[in-house]
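For reference, the structure discussed in these notes is given below.
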Amino acid sequence: MARKVEKENGSGPIKSNHDLVRGVWQLFRLHTIEGLSTASIGWLALFFYATQQQLAFDLVRNAFIGIFATYQMTHCVFCLWNDICDRDFDGKVARTRDRPLPSGMVTLTEAMWVFVLGVFASMGVTYWLLGADVTLTMVPIWVLSFIYPLCKRIIWAPQVVLGLTMALCVLPPWVAVRKNSGSAGLLPASLFGAIFCWLVYLDLIYASQDRPDDQKAGVKSLAIFLGDYLKAGLTVLGVLQVVCFVLAASEASAGFLLWVFGIAVWSASVPWSIMSLDTRDRKSGGRIFLVNAILGIYMAAVSGLNVSLAMW
């Protein structure tokens, strides 16, 4: 509940900004689809493996549930960590100054306690649902998620660290099912490449809306570094992600449904996103980011439908 404080002139109680429950909810990004979009990367990889290996329904179902719980919790906890690290920057950027930490909705001490408890909870849930091997595979993801916010102060391409973090999310699903599978060939590598290029591309689009404020605040970003060549960089990343997805679909022996409603739709989205991005409009990047986040969920759904039809 929001605490009440006294006005300095003693004229009566007013509401403070402090609201722990609402603040943690927002720090966890539970008011957005970002967590679901993160889980969809794991689901997408799982469904590609299931298509290639013709996995049993029970195995896919159990991995699906475990991936959702693990990736959702990991996303929540490290979004909170990102906001802890960025609290001073966020207060200087128009779009983020109302976030829970700079606005006083949650104190730094409270946020740190929730973060520590959340890390242990994420590890415990991963071990319980997916086992020791997958938990070990998640360790690099947790480490990179911890490092990523700090990179904004050190290197000009923190998006590369984020891309590596999210691309590694294609590996735990494979570890979860590999005991019941044969060789995956180039499928894990091609999925890794596709997700890496997509996430760097996606975060560049997102970061484009904050470039003026980030420059003033001293935040390092590939979007700032590229300057007028931003769309050229997006084009290269867009082509590479499509090439990697085509290779992944070929490796998985994808059916007509996945090729037409998955790969083709994804390929068409790339030029649309780049041409629609208006760097003069501060809200353009956010809109296109949201469309692409939904696209990731859509791609996972199409891949899942493809697997379901093959099973039945």
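Glycine residues also receive a Cβ, built from the backbone N, Cα and C atoms like all the rest.
The N-linked glycosylation site feature in Swiss-Prot is assigned to Asn9.
Per Swiss-Prot, the feature transmembrane segment maps to 30-50 (among others); the stated evidence is sequence analysis.
The transmembrane segment annotation in Swiss-Prot covers 64-84 (among others), and the record cites sequence analysis as its basis.
The transmembrane segment annotation in Swiss-Prot covers 111-131 (among others).
As annotated by Swiss-Prot, transmembrane segment applies to 132-152 (among others), with the evidence given as sequence analysis. Sequence-remote contacts of a segment are chain residues at least 6 beyond its ends whose Cβ falls under 8 Å from one of its Cβ atoms, and for the transmembrane segment (132-152) they are 66, 70, 74, 78, 81-82, 84-86, 89, 119, 122-123, 126, 158, 161-162, 164-165, 168-169, 171-172, 175-176, 219-221.
Same-chain neighbours of the transmembrane segment (154-174): 38, 41-46, 49, 63, 67, 70-71, 130, 134, 137-138, 140-141, 144-145, 147-148, 184, 188, 191-193, 195-197, 199-200, 203-204, 207, 220-225, counting only residues six or more beyond its ends whose CB sits under 8 Å from a CB of the stretch. For 154-174 (among others), the entry in Swiss-Prot reads transmembrane segment.
As annotated by Swiss-Prot, transmembrane segment applies to 185-205 (among others), with the evidence given as sequence analysis. For the transmembrane segment (185-205), the list of distant contacts is 41, 44-45, 48-49, 52, 159-160, 162-171, 174, 222-223, 226, 230, 233-234, 237-238, 240-241, 244-245, 247-248, 251-252, 273, 277, 285, 288-289, 292-293, 296: same-chain residues at least six beyond its ends, Cβ to Cβ under 8 Å.
What Swiss-Prot records for 229-249 (among others) is transmembrane segment.
Taking Cβ pairs closer than 8 Å, the transmembrane segment (255-275) reaches residues 51, 205, 231, 234-235, 238-239, 241-242, 245-246, 249, 288, 291-292, 295, 298-299, 302-303, 305-306, 309-310 in its own chain, all 6 or more past its ends. The transmembrane segment annotation in Swiss-Prot covers 255-275 (among others).
Within the chain carrying the transmembrane segment (288-308), a Cβ under 8 angstroms from the stretch's Cβ atoms is held by residues 33-34, 36-37, 40-41, 43-44, 47-48, 50-51, 60, 198, 202, 205-206, 254-255, 257-258, 261-262, 265-266, 269, 273, 276-277, all 6 or more beyond its ends. Under the heading transmembrane segment, Swiss-Prot lists 288-308 (among others), citing sequence analysis as support.
Using a Cβ-Cβ cut-off under 8 Å and counting only residues 6 or more beyond its ends in the same chain, the transmembrane segment (30-50) has close neighbours at 60, 63-64, 67-68, 70-72, 74-76, 79, 166, 169-174, 176-177, 181, 184, 187-188, 191, 195, 248-249, 252, 254, 290, 293-294, 296-297, 299-300, 303-304, 306-307.
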